[in-house]
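The structure appears right after this line, and notes come after that.
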């Protein structure tokens, strides 16, 4: 159960088979560093799975040299259970923990084949009844503190009487907080009666040091007849917990005896050794008494041994002739005997012949022994056998053997050194209380030398060696430098291990640090010879002229896609970038492009008519113009020109912009292909191609146009489809075409284009495909009907919670004008954007929104991709889109540039086909919560929505 900066995990302690209780101290919660794993199910599988994950977590610690995080542990459990899907473990794991980086609580559950169920409130696992689930659902509230969270979990366990927490068996409740001791309570029944205070120090310890509850042999004894009857089961636990605790009687009044601590045991051992080592004075009389007692004991033992050796064999028998005849059940003798008159005569034969009955009868146990060793009942024997079957043999059985020679562990070893407390010089002279310490001179180091001074001396020595003997001296100097470098690496390895990657220099970064860096920014790469991402702009490798422009624009920290893509693009590698909407993709391909143009010759009379150096393709006019605005920020200070070729404008104006020469052309596929076919534009020297929003470009039907444009490029500068395409040195040595493809989703159409035109690409994926950024809070509201949606939209806009500008999306353009008219009646100034608008009208609408003259933009999906309206605080989906990809692009208009945003979606029963995908999308966001009406909707339970629901009704 999740609280405010804390999380709780609890379980009962009962192990049984149906109604038969086998054990009452069976643990089901296991700690692995900062993560807690709860396992419910078959006892043998619980033991097997817990040992399996302990081994895997230990291997993770050895390799990564850090504790495993809750998210990583969830992925490990999911993959491990999925591997055993054809022979699954009968367990239902639950993970709880605190993310040590963000401090946020984390819980999730699994089924038997590893499907993860993320939750923001609570998870109920195992064979729990609906009563426990309903109790948790009724008692849980957001932002519960540690005390309130413990109270809520305890009440839930107490109310679920079928979990045996109230009957005396007990339960485990752990409250986990970041950087605080673990709070654990073992007996919920005692807590309910006031016998346990959660604030006691004995219950606020780590899991490994908390003593387990004492084992109970069999079921607890019945309470005495004078004890009051137990209260009846009740669904409301408030009155039950509010009653004052009654004094316990009988077996329940016995307090649990806590084992002594390690410190007490060590202290007692030291005191005993000190007492044994201390000499003791004995008088002469005492020494004589001890010697006489020792001598008397030796004499007695010798006499007993002599008597036992000389005694006849039959002296221990108490019958005639030294034997006791056996008696059968009827009273007759068990063996034949002689005539009654001859029975008293002594037997004939040798004197040393063994007589009948020399062994003697078996020893009859006394009455006290028979009372102490009662025969166990069949139920106890059966319970012991079941316990051994499920839990294995008892681990605390004694393995002592008197035949084995054992070493004395208490043997005293003489100590030749003085103890500190035996020093009496302090009492004689106080000057001995302060020990003399050696004072170093210079800069605090031995001999006054620091690491820098020693390094400077080594450099002078190496330089003198090279000057004296240029041939052999250089080799010896290199060997000395390598030896010094290895010494420094070995000495600083321990210090560098505990440092964060942000505190290390670039030379000190190891492979482990780069893995942690990629995990922090959710970066994953594929392909050969991929360079490490950049941590800061200074480490990017960009020239100083570009870095100054980046600083002037105000880019302080690069985004995740910029950190990974820029170092790859600077090596002239082909690239496929898969990133979330609003993640800063434009700068990730514009900066390497400008670096490429800086390295080639500028435009002149000889190459001005050979076309641009680079082309950037975008699916829509608005996106192309937005890319042009961002590119001019970097290109204009360097003296480079850009040209935009989009539909809706007169082609004569765009041809005029090309006549002066443009290094970069930004265009839509249709208009660019039109210019190429009219011979208005040639691509003779174009070696840089960028496709932005390629998935949208293909879905809009531009695949054929894109193929024609790429075929129009010169084929002489194509990269070879060999391993040389992954070699940065070989690619920068010659003038090869570089192709970069950016998309939000990677489908088969994109793979088809990439396979044809991209050579050995490096793939960069940021986050998860099709996932909205974590800076957007997603809200879904069930609002059926147009009238109710207009009323709800008015409440949202007039609430004052959201500042302008606001974007409202509709599915068809006819609704666009109608919704804008209603918003104008509310007192706002809206503008519209849809397919019937001309290019001048679209640009005017966006300009009004940027200038602040318009408050709300009502648009169709035309504006859903690539339009970057500054500081959009709210996106309203007046109509739910027909696909989840369109939904992702819509809500991506807010929450950009690191700012938070809100997306509100109105949905109804007509949207059943996408409700499941909508629920999954919201569940993946860490700042959003699935509403109850969407969670419980029939169409949101399985993929396919209405179609599968209707099919089930027909069947």
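Cβ atoms here come from the backbone N, Cα and C positions, even for glycine.
Feature annotation (TrEMBL): of 910-932, 933-955, the stretch labelled region 'Disordered' is 933-955.
Computed over the domain 'DEAD-box RNA helicase Q' (535-563), the whole-number mean pLDDT of the model equals 90. With DSSP states grouped into helix (H, G, I), strand (E, B) and coil, the compositional bias 'Basic and acidic residues' (264-275) comes out at 12 helix, 0 strand, 0 coil. Counting residue by residue with DSSP, the motif 'Q motif' (535-563) contains 17 helix, 0 strand, 12 coil.
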